[in-house]
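Per TrEMBL, the features are:
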COMPBIAS  1214-1226  compositional bias 'Basic and acidic residues'
DISULFID  CYS1485-CYS1502  disulfide bond
DOMAIN    1-605  domain 'REJ'
DOMAIN    920-1037  domain 'PLAT'
REGION    1214-1239  region 'Disordered'
TRANSMEM  875-895  transmembrane segment
TRANSMEM  1080-1098  transmembrane segment
TRANSMEM  1118-1138  transmembrane segment
TRANSMEM  1254-1277  transmembrane segment
TRANSMEM  1289-1311  transmembrane segment
TRANSMEM  1386-1410  transmembrane segment
TRANSMEM  1644-1664  transmembrane segment
TRANSMEM  1716-1742  transmembrane segment
TRANSMEM  1763-1790  transmembrane segment
TRANSMEM  1829-1851  transmembrane segment
Amino acid sequence: MAISTLQAPKALLVRDSDSISIGTGWRPPGPPHGDASLTVNFTDELILDGASSLDPDAHGPVEGLHFSWYCTINAGNYLGDQVRRTEQEVCHPDQASLHWPWASGPLLTLPPGTLRGDHVYYFRMVIRKGHKAVSSDKRVRVLRGPAPTAHISCIENCGRVLAVSQRFFLFLNCTSCGPWDIYTWSIRSASGEELPFDWTQQTTTGRNSAHLSVKAFAFQRFLEATFWVSVFLESWSGVTLEFQHSFVINHGPQGGQCHINPGKGIAMLTEFVVRCSHFKDKHVPLTYKITVSDSDSAGDTSLVKEDTPGTILYRGPQAATPPAFLPVGSSARHYALQISAQVCDSLGAFSQVRLSVAVWPPTDSSRAKGAWQRLHSFPRGPASLLTTLLRRHDCSFAGCLMSVVASVSKSLGAEQSLSEDRAHLQGRLSSRSFTLLLRTLQEVGQAVRAVAGTTQEASEVTRVAQKRATERLWQASRALQTYQREHEHVSSGQIETVSAGILMSLANMLTLATPHKVFEDPFYVVESLSDAVFAHQVPGSAATVLRAPGLNMYVETVAKWDVAWAFRKDKQGRNWFRAVLNASRVPGLATNAPVSVVLCEFTHDPFPWISYPESISTEVEGFRITGVTDNGSMVEITPDIVEVYLTRKNLTHATFNLTVGLDCKVPESSKMTTGGFSFEVDSRGVGEVLVHIVLEGTVLLTVLVYVGRHVTPTDLMATFLVPHDSPPLAIHRGLFDPACAVRRARVVCLPLSLLQVMAQHSHSPKYNISVVLQAPSFVLEPPNKLVRIYVFSARCVAMSRTQTEWREDACMLGEKTTWDTVHCTCRDRGRIRRQLRAPIHVPLHMRYVMAKVTSIPNPVDLPLMVTPDGQYNPVTLLAVLSIMLVYTGLASWALHRSKVDQFLRDHVVILPDNDPYDNVCYLVTVFTGSRCGAGTTADVFVQLRGTEGASHAHCLSHPHVRKLLRGSISAFLLTTKSDLGDIRSIRVWHNNQGKAPSWHLSRIKVENLFSGHVWLFMCQKWLSVDTTLERTFRALRPDEPVKRKDFFLIDLTYKLRTHHVWFSVFTGFVAKPFSRLQRLSCCLAMLLSSLFCNSVFFNLNRHRQAASREGRYMTSMTIGIESVFITILVQMLITFFFTHSQRKPRADLHVVVPQRQPLTLEGSGCWEDRLCRWYAAKATKGCTREALKPTLKISSGWPKASLQVASETEHQHEKAEASADVHNRNTDTPCGEPSSQQDASRHQTQSWLALPRWCVYVAWFLVLTTCTVSSFFIIFYGLTYSYDKSVEWLFASFCSFCQSVFLVQPLKLVLWSGIRTMKPTYCKDLAWSTEHQHVEIKLQGTRVRPGDVQKLQERTAHLRGSRVYQPLTEDEVQIFRRRKRIRRRAVLFLSYIVTHGIFLALLLLLVVLLRHTDSFYYNQFILDCFSADLAAVTKPEDIYRWLHLALLPLLHNYRAPTFLPDSSSKILGLPRMRQVRAKPTMKTCPLAKSFRQNSMAGEIHCHPEYGTDAEDTRNYSRFWSEVNKQATDRNTDGFTYKPQGKTWVYYSYGVLNTYGSGGYVFYFFPEQQQLNSTLRLRELQAGNWLDDKTWAVILELTTFNPDISLFCSVSVLFEVSQLGVVNASISTHSFSLAELHSKSSAEIYLYAAVLIFFLAYVVDEGYVITQERASYVKSIYNLLNFALKCIFTVLVILFFRKYFLATAMIQFYLSSPHDFIPFHAVSQVDHAMRIILAFLLFLTILKTLRYSRFFYDVRLAQRVIQAALPGICHMAVVVSMYFFVYMAFGYLVFGQHEWNYSNLIHAAQTIFSYCVSAFQNTKFSNNRALGGLFLSSFLLVMVCLLINLFQAMILSAYEDMKQPVYEEPSDEVEVMSYLYHKLRKVFSFLTPDPRARDEPEFFIDMLYGQPEKNSCRHLGLKTRNINGKKMVYLVV
């Protein structure tokens, strides 16, 4: 790489370069060629030449090279070969970056004056070729240029004495100044000190312009003295100059008042007098000017605030006006009339007083008639009052009288009879207005008001009157200009006031324009009026705005280089205007000449006589730009480019809403939101068609344009991408040019070329265009208000002269046109310069622009979807297939369970402990309850007790069958030696073995198989160690009543198990005739039919709309409920056919039940033989053989038999049997009487409804048909669903399934059981059957050889006599209870310690969430900010100094208003300072009464004491002067008391007292400049705001730091003590607010978890209190828990209080940001919440000791404290007494000299520090000997004696309690030992050594402790009170 340089080798930087030579130089004048540093003069041309650079590889020297130039004033911006990207430190103000944009070649030429003088610049030339680049730098120093010639010129209020009531205009007249010069104005005192001044509010130009425009009354607060206006000029040439202008302030007359008499009256009947008095001023005589305001005719101007526009009633030296009539007041303000009284001194300064008077029209007939006669008499005849006034040239009264006549005439003009007379009266008044003189501004104003009054009702003005009124207005405008030329320093405010009246009259004239006659005179008046307005305007000031109905005028004067920024400083109009002017093209225009821009807005067409083929759709805007030449003449300036934004009118039908929605024909992966519309276009009459799409959000749209109404690929003509922030982009153009004038975001332009292509495609100039919008999915339902469409076509027209036509070629449509605003761009086609002339009929200089907008007719919303076909949604198909697969699997399971059901239905458990020689068989049916945990694993024993004896105990168990499960029905065959007779009771118990021994017994049925007697037992009891393990139940009669609760629970459980179609499928046992498979099929039919109903409802409601996702899900739930109720009919029909189409039961009870006389079986043998003989005898007695034929199966080997016994029937038959048994039984029949005697007729009424057998096939056909049809339509409808609709359908289907299973079916059964329970319930009404018809007693495997029978009988007898068959003893029960109690305590211990740990973790997280660390640092930051110089405040005067020097710089940050300096902390609302003061009283000190001199005694007063004396709450004026209530309002200049609020209450805590939130308030405004607060504080100090009645001054504000999301409430308190010393203190508290609106915030889950724990704790504590009752308060742990729960409750209440308080506070701040926001209330609640949280955390951690009592040392510590507690209390009393003695002694002896003992609190703190050996500040300089004695006695008594004695007492208790604690049993130790063994058992595989199973010694010592040595005296039997109970235990 070779580099060669010609001049600047040191500045060369190379990056990736080939052989390129670079040279930079500059041409004369300058230093020698090639220097790296250049120096040039400001007036010289600078040329940097890089043409000597060359590329050796190229044909030409600079071929392929690209040059870039950069310039900066800081060389550090060139970082090696890189250039920093910055907008700062540029060389020229027009540079947007360091890149120099005005050079792109090798030569950089800078004209003279381009660079600022007296500065150094660093240029860099960068040459690029491909990816290679080199650079060269040049340092250029520009010398200082010539000094400009300038002086300050005064424009208005130019006298030596400045009238503060008038505007003040100054101008720095500089002939050689440029646009980049810097001006800085300032106000200085006579001594040269710069004074604070609000340049933003009190000036219209600011302080950085060549012109200075000061508003009227801006110097109101200045004293009458000499001041200087200084301007500091920093010229572009580098020269700095300062110019000054002196003036003397003169205020208007002060101290007076004005009033009007009378205060109300009637126009033309009441004469009014305005009188002013007590005005004083040293510049006399005084002049009084009384003006009657009339807003209807005075117009409106934006800048005139110091003068009242209206008719002048009087002007003269008299303080009282002559009696005069007043015009009628405004009816909208209850006929109130505003009157302004100005009192002016001889130098022009005035004070103004505003009055109000009610002037009513003469409305009644008598008054109206008299008033009308007087109206006609005023202008008539030579002797009339109006003629007399005009003859005397009294224009004020004459003009006022004409206004009065016009206003009264207007109020009486409603009557038809007076309309003609009123017209004549208006004509005479208009004629007489020409006689008013036009010499002064007041006379011109009176004439204008007179014309305005006569032309207010434009409809009644004749053509002649219209012409004369316009001519009079022209004369008034010319007189106004003449007066301006003759009076150089005339008030611009008065000029604008008169101009506003002229514009109001012109607006009335323009409404009279008709299409039949040219009426151009008002436009000449408009231009003349604009010349008068901008004659007193200065560049940089705000625009003057004159408003009238239908016509607005904006006038602004700017520098010629700032024309483009006209009307941008304070945009007030509806339209927007921008002009681009090249001032150098205007010959003769002065160098610094200002340019005046006039803009007129016409709401309606001002040129109706100019024919235009179409109506005007926008407002018409006229503009004119003029300048001043060197010779002082005005010249018209035509700008190069004018941009106008015109507001459209009549937008009612310009838009329509487009319906958009998801396309359901596409898959989820390509889901699009689509909408479309169509409209008709005639290409012959429109240009570009614009489609404006209004849509909130940032969605990227794709717009497809089709020709015709059909949306097909062949008709697609164009495709546009429409982003939200940039113009649309045509991505599919076709054969058209996409160029379009309009380029605005979301505005699709269809150019004329595209319209022509569409016309060719349609073969007709009129055709339809279809537009389709596509976007990514952003809506769920098709709304019709989300997207708005505007289809229109627009064109701009302009006119430069009247009586011409609107030209369409003068202006073109701009690129920023939208649906409501038309952007027009007008370019100058040939500059024309004209001189303004004075005659009335001259060519106009104003140009007018308007626009025509055509709305495309008949837009039609198309319900179309541009998506490919053939794509379907398979969700419903997959759902149906999944259901079928699940059904297939469950059907296979159901078939398998049918065999199990057959076994369970026919099987009876034969008890193994039956004696083989027993004779009688009993069938015992046990019903286990359905409650949770009702089943048992223990061995259950029963014993029957009858009238003839009792049976042996039998164990209801079998080695191979577990029967007593939850909700089971178990049948057992039990044998006895003989018949027990009538069974009276049954005894039941169990041995409490197994994991779940507790058993809930519902009921028992016992049946004697041989006699047929049945006994019923209602139990409904628990058998457990908690209650009892043994119970005896008595037999019940069938007609004995049953408790309704028991009946309802039993019946509901039975129905849920048998009649719930879903639950019965999975129940433990399913009985015939409704099998498990049939139930499952019925469920399938119900499910599919409900899904089908959902599909039908969704198809019917496919056009529904929902506001939100929640609304759609609610609709889905509603559809699910409707489907459930419809499918109930399907279930009932299928269930009926399945249930009633089975075979009739093989045997009925009335056929096979035993006879009243039971069969007698002779002979002996085992009970099996007797059972078989009994069955054979029953069979031979005539029973139906087909039904009761026994089945005996004998196989080789051992005899086997199987016997079926028809013992039970269906539930309905049994109820019939029980009912018949009740009726047939005699009164003396025992309860076990057989129930076989039944009435035949009753059996017929209770007979089973049996359908033919073939009806079961009908049921299966219904199932098959329902499933097939439902599946078909589900799939058919579902294939067209969208993804979201499929999700909603699935949700509705899931809802219907859940509602059917868990709501509808259970609710139906609950209702059914409830209805049955309402009737009288008896024992016979319950379900006592085993849900099957036959009982099969299988004897197979039970018979033994005859030789083994004796052995079996002996073994059975031995077993019955063993301990196993005996109930548990009380000791065994106690052991079981103790084990269960330990297990339960272990579970509770684990649950409590886990929940306690979780709760403690939540509290710690809550503490972390409060962010104490951030709060600490934030508090320190705020303290550092506000505590500066706070310690120096010792007097009330120091408070003002601290406010000025420390507070105001913090509140007013000019760089970032409302933010604290150098921080991101924002001040919320307004800071408030309030004073709490005493009520003025003549309270004298008691000491003053003892003075002998009475005069001196009366002057001595005590300072009022806060809390004792009354607080002042009255309102005062300045200097604490009392004011009456009528003069008090919000704007009173005084001291207003604001009471303490009732909603947001808080307190301020100071060093001396605690104060409320009321007081005399003073607000700071951080958004304003610091000067505002400075002046207001000075006024406060001057008004003696702080005096001897002041108690405290409190400054309050709140800041918010968004970086750490912390609020901080700040309170600075200045308290005045009784000694007069101010105690300053500051308190800050930082806090955060809960964010409960963020969906993903973990903070919400934390608060929810804490709330759940709170509710659980409250419920748990309530349960404990209800269980323990009075004994609850006896436990210290219960009290600790109660205190913890109470504190937790307070914490939750405070949290909600803080949240709702903060929410209300934030809403108040958002609605009223410029008010004081009392966040201190939230701060105090947060502070209280933190304290409560600390106590809660303390108690929670302290509660942890409760769960560590299994440690021996913890128990020992607790017992030691309990044992030593009485001694501790006694010692505490002694220590307290000595403590108080030393505290009092130190306070009394050393309190006057030692701060540590200055008060009792400090003395107590000091003595306490001595107790902990913290001896500090022990000098006792006052009395060292007494101090030493004091300390030595304290050491001897307190430290050496009492404290050591206290320690010895605790150690003694410790030694005494070691052995008792070791001996006492502990529940916690038992629980921990139990858990330890359980853990050892779980992890036993880790310890194969069996010796390791013993408990280790350290574990024993940790739990039980160690006994004392030689403690044999402690062994033996002990008796002690433990936990309030007397316990006996043995110590070994």
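Each Cβ is built from the backbone N, Cα and C atoms, and glycine gets one as well.
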Beyond the flanks of the transmembrane segment (1254-1277) by at least 6 residues, Cβ under 8 Å: 876-877, 879-880, 884, 1078, 1081-1082, 1084-1085, 1088-1089, 1091-1092, 1095-1096, 1098-1099, 1130, 1133-1134, 1137-1138, 1140-1142
Positions whose Cβ lies under 8 angstroms from the transmembrane segment (1289-1311), at least six residues beyond its ends: 875-876, 879, 1052, 1055-1056, 1059-1063, 1086-1087, 1090-1091, 1093-1095, 1097-1098, 1113, 1116-1117, 1119-1121, 1123-1125, 1127-1128, 1278, 1281
Spatial neighbours of the transmembrane segment (1386-1410) far in sequence, C-beta under 8 Å, 6+ residues away: 1631-1632, 1643, 1646, 1649-1650, 1653, 1730, 1733, 1736-1737, 1740-1741, 1743-1744, 1747, 1868, 1871-1872, 1874-1875, 1878
For the transmembrane segment (1763-1790), distant same-chain residues with Cβ under 8 A (at least six beyond the ends): 1796-1797, 1799-1800, 1803-1804, 1806-1808, 1811, 1820, 1822-1823, 1826-1827, 1830, 1834, 1837-1838, 1842-1843, 1845-1846, 1849-1850, 1852-1853, 1856-1857
Intrachain residues whose Cβ lies under 8 Å of the transmembrane segment (1118-1138), provided they are six or more past its termini: 1061, 1073-1074, 1078, 1081-1082, 1085-1086, 1089-1091, 1093-1094, 1097-1098, 1101, 1251, 1255-1256, 1258-1259, 1262-1263, 1266, 1291-1296, 1299-1300, 1303-1304
Long-range environment of the transmembrane segment (875-895) - Cβ separation under 8 angstroms, sequence gap at least 6: 1065, 1075-1077, 1080-1081, 1084, 1087-1088, 1091, 1095, 1271, 1274-1275, 1277-1279, 1281, 1283, 1286, 1289-1290, 1293
Distal contacts, the transmembrane segment (1644-1664) - CB-CB under 8 A, six or more residues away: 1395, 1398-1399, 1402, 1405-1406, 1409, 1634-1636, 1638, 1672, 1678, 1681-1682, 1685, 1688-1689, 1692, 1695
DSSP-assigned states of the domain 'PLAT' (920-1037) in counts, ordered helix, strand, coil: 0 helix, 64 strand, 54 coil
Local confidence of the domain 'PLAT' (920-1037) - pLDDT mean: 88
